[in-house]
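Taken from TrEMBL, the feature transmembrane segment applies to 12-41, 53-76, 96-114, 134-154, 188-211, 240-262, 268-290.
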C-alpha cells in the first residue's frame, strides 16, 4: 500500500542518515584516540586533560559502534534481538558507554574550570593544586557509576515484564516498544538523576569560568602574562559554552527519549535519535579544534590528502 511504501522509504532514509552520522562520529573519535595514543607512546605519560579526552574518545567510539550495531540488527535481523541475552547485553553496554560519555564530559568541564579559573577561595586553591591527582579518582568514580547503571539496566531489561515487546516501526530506531508501568519509573528516575547531575556539573563549570573571566578582564593590565591568561580563559570558555549548548540539547533529547520510548517510529523519535548520533562526533570535533596539537595534526592529514589527490590527478 502507499502508506507502507512511505514508511519503508522513511525507514531507509532514517537508516542512511544515522549510518552516515555514526561512521563520521566513529572516524572523528578514532582519530582523537589514535593521536593521543601515539603521543602517549612518545611521551610515556599523558597530562590530565589528555587522559580525559582519551577515555572520552574511546567511550564515544564504542557507544557509536554498539548503537549502530543495534540499529543494523533491528533493521536487517530483528529476530536476533529476541534471543536471550542479546538485547539485554546491548542495552547494558549502551547504557554503560552513554553514562561514561556523560560523566567524562562533565569531568572535562570541571577540569577546565578548576585549572583555568582564578579564585582566592582556600578550597578552590587546594583543588587547583591537587587537580592532577584528583582526576584519576574522578574518572574511576565515573566508571563505577556507569557500571552500576549498566547492571541496573541489564536487570530491568531481563525482567519478565520486559520480555513481551514488539519491535518499533520495523525496528527503525533501536528501541523496544515497552509498556510503561510502575516497574520502569525507578529506572527512569535513576537515569534522570544521572543526566541531571552531570548537566549541573557542566552548568556550574561554565558559570564559574565565565565569572572568573569577567573578574580577570576587570583587573587586567597590559602585560603579556595577563593577555595570555585571558586568551586561555576565552579558549576554554568557547569550548565549554559550545559544549554547554550541545549538552543542553542532548539533555532535552534524553528526557524526550524517556517520554517517547513507547511511541512507534514517530518523527520526534527520529529527530531525537539523529541528534544523539550527531552529538558524539560534533562535540569531539569541537574538542579537536580547541586543542592546538590535535588541530595541527588534523590539518596535516587533510593537507596530505590534498597533496596526494593533486599528484594523482
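Sequential numbering from 1, following the chain as shown.
A Cβ is built for glycine as well, from the same backbone N, Cα and C atoms used for every other residue.
Highest Cβ contact count with the transmembrane segment (12-41) among the listed stretches 53-76, 96-114, 188-211, 268-290 falls to 53-76 (criterion: pairs under 8 Å). When Cβ-Cβ distances under 8 Å to the transmembrane segment (188-211) are tallied for each of 96-114, 134-154, 268-290, the top count falls to 96-114.
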